[in-house]
Amino acid sequence: MYGFEALTFNIHGGYLEAIVRGHRSGLLTVADYNNLCQCETLDDIKMHLSATEYGPYLQNEPSPLHTTTIVEKCTLKLVDEYKHMLCQATEPLSTFLEYITYGHMIDNVVLIVTGTLHERDVQELLEKCHPLGMFDSIATLAVAQNMRELYRLVLVDTPLAPYFSECITSEDLDDMNIEIMRNTLYKAYLEDFYKFCQKLGGATAEIMSDLLAFEADRRAVNITINSIGTELTRDDRRKLYSNFGLLYPYGHEELAVCEDIDQVRGVMEKYPPYQSIFAKMSYGESQMLDKAFYEEEVKRLCLAFEQQFHYAVFFAYMRLREQEIRNLMWISECVAQNQKSRIHDSVVYMF
Amino acid sequence: MAGSSSWSRALMQISPYTFASIGIAISIGVSVLGAAWGIYITGSSLIGAAIKAPRITSKNLISVIFCEAVAIYGVIVAIILQTKLESVPDSQIYAPESLRAGYAIFASGIIVGFANLVCGLCVGIIGSSCALSDAQNSTLFVKILVIEIFGSALGLFGVIVGIIMSSQATWPAKTA
């Protein structure tokens, strides 16, 4: 019952909630980012990071470092923390934690299928996959020729199986189909996650609804902008939008007919939360849209920690860590390529 | 004295000692339920938070002690109540005085038990938040402790009223 979770939440979730809040205190602060932005070389970055919680993961790396190594080790830390929490969790928290990784699973599936299409080596692709989204039979994805085989051979045993019902066709896989498949899978995943959170009820349902609705709306806007000028029809585009969120259903109707970014802006400015995002960009500029969305997402994720006794802190923590790894990747790339003037273009500060 | 409906007649035929004993059981049983509930709420958060911030363990045991105090109140009142039980001769068991004494002890037990139940819950939930906030920012501990102190006063209110209630539980004097 909403309001009385404090009475029974701690039986199963108290320990893990305290752990995840402890992890949150280890996220990099503005002072850390300032130090990192002053670095001249990747070795300086490694030295600054060794003073933070990433220390044990980076200290054994030999110089010369690559940016991919830094990102890989930081991701490894996230994976270790996630696995520790997952093995301690009971139902329904364990299911909730698993739901968080299905997005990565979808990305990995699409990565391998695209790579196979372009004749890349399977081992090389497996190394590029996100560790949180790995599952056992992932290497056999390279064998499938079309979606039906993909489903029958590999995906029917994975948690992604129920999301495939909408996108099984017998056509061969090509770039366009794969993108549509990715977006259809992600749409099914978001809707499933949303229903699951609603079933959990209480503060979890309320906070996760807000976070997932923002995610759904952001994807709708990105799908619209990316499909302007491609051969994706309006109906196909409309099928890729999720059936919840602030934009559902009237915003989706309007977005489906947009043909350029200014029309998208016109649609989004009718919704107060998104108006502030679009107001940050001047007309005609869309590169900053990603950063504006990330900033808004980080703001909402930090607010999830304000309430106690719910599961959304786990989701928020994973997302904040991923944003931090994105920040570190950007900073490392700028430093490695000597483009330090552009560092502040894409770093999203958390606290 | 028997009422007209059979229910009230049935209630009046229940021995006052039944009511008194149930009151004593409730006072200790439900108080301990409240204390235990509060302790596990605080304890699980405290254990998890102390992994990243080990310094919080010793100070935050105060929350656990406040919850424990609730159980001690229940024990004290139960002991006081059981000293109020006196034997009365058979002819007097259903006299109005006896019934009054039985009901007074019963009420006292309920008062103390349920006041301590909610007090233990309150202190436990605040203690959990206290541990988590202390782990992030150690200046918050003393401020949240003040809230806990106010919370634990609720149990004391229950104890005071319960003791007053039971102090006027006098059984009829034994006739020679």
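Sequential numbering from 1, following the chain as shown.
Glycine is no exception: its Cβ is also placed from the backbone N, Cα and C atoms.
Positions annotated as domain 'V-ATPase proteolipid subunit C-like' by TrEMBL: B:22-81 (among others).
The domain 'V-ATPase proteolipid subunit C-like' annotation in TrEMBL covers B:106-165 (among others).
TrEMBL lists B:20-40 (among others) with the feature transmembrane segment.
What TrEMBL records for B:61-81 (among others) is transmembrane segment. Tertiary neighbourhood of the transmembrane segment (B:61-81): same-chain residues 20, 23-24, 27-32, 34-36, 38-39, 42-43, 46, 105, 108-109, 112-113, 116, 119-120, 123-124, 126-128, 130-131, 145, 148-149, 151-152, 155-156, 158-159, 162-163, 166, selected by CB-CB distance under 8 Å and a gap of 6+ residues from either end.
Below 8 angstroms of C-beta separation, residues 15-20, 22-31, 33-42, 44-46, 60, 63-64, 66-67, 70-71, 73-74, 77-78, 81, 84-85, 144, 147-148, 151-152, 154-155, 157-159, 161-163, 165-166, 168-171 of the same chain, each at least six residues beyond the ends of the transmembrane segment (B:101-128), sit close to that stretch. Look at TrEMBL and you will find B:101-128 (among others) tagged as transmembrane segment.
As annotated by TrEMBL, transmembrane segment applies to B:140-165 (among others).
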Mind checking which residues reach the transmembrane segment (B:140-165)? Cβ under 8 Å, same chain, six or more beyond either end.
27, 56, 59-60, 62-63, 66, 69-70, 73, 76-77, 80, 104, 107-109, 111-112, 114-116, 118-120, 122-123, 126-127, 129-130, 133-134
Mean pLDDT across the domain 'V-ATPase proteolipid subunit C-like' (B:106-165) comes out at 95
